[in-house]
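What Swiss-Prot records for 1-11 is topological domain 'Cytoplasmic'. Here Swiss-Prot flags 12-32 as transmembrane segment, drawing on sequence analysis. According to Swiss-Prot, the topological domain 'Periplasmic' annotation covers 33-197, on the basis of sequence analysis. Here Swiss-Prot flags 43-181 as domain 'Thioredoxin'. Sequence annotations record features per position, and here Swiss-Prot assigns disulfide bond to C83-C86.
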Amino acid sequence: MSDSPRRFPTPLLLTGVMGVLILIALLTFTLMRSWDNASDQSALLGKPAPNFSLPLLHDPSLQISNTDLAGAPYLLHVWGSWCAACATEQPVLTHFALSKRVRVIGYNWKDRREDALQWLEQLGNPYLAVVSDPEGKTAIDWGVTAAPTTFLIDGRGIVRWHHKGALNQQMIEHKLLPILADIEHSPTAAPALHQAP
């Protein structure tokens, strides 16, 4: 019985396969990048923040509203104890909150109070206050579809910045801090719109 010689793919076939794989990779990267950019878009940019009045997580008998926060900028950070990315970004958020550049308000979303309190006890509480929206109804007005999500609201109640996803130190330094500086230096000027990349 004679063995037929093994045939190896021709260089032309290998080049074609590699070309197709590279094309698929480029298309995937482009689609993912455009989806990421679209996911950060917020119809609220440059507009008044939605009204809210929600109970405090630590004392549900007390409520806090957007009018209580008016007059100075604040960062509204949407999180949940069930959110793995929220736990990952917690040290970055804590470090930023310690700088006291802006009030950091926690927005506990679609969570059980007991779980949220335990999470803050274990990972630390960087927030000046934490509001609770266990049903997620108020978050609809903000366009929240995932946690973590972060909004920067200026002293006039205008949404100046929005980011869906975990914050990192580079984003804080290169995106958030320049917008805060802009707000601090021109609190009555017309707001510039900023979107996370």
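Keep in mind that glycine also has a Cβ here, set from the backbone N, Cα and C atoms.
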Summary of DSSP states over the domain 'Thioredoxin' (43-181), given as helix, strand and coil counts:
49 helix, 38 strand, 52 coil
Suppose we draw a 10 Å sphere around the Cβ of C83 (disulfide bond). How many other Cβ atoms does it contain, all chains included?
19
Does anything in the same chain, at least 6 positions from C86 (disulfide bond), have a Cβ under 8 Å from its Cβ, and if so what?
W79, G80, A147, P148, A166
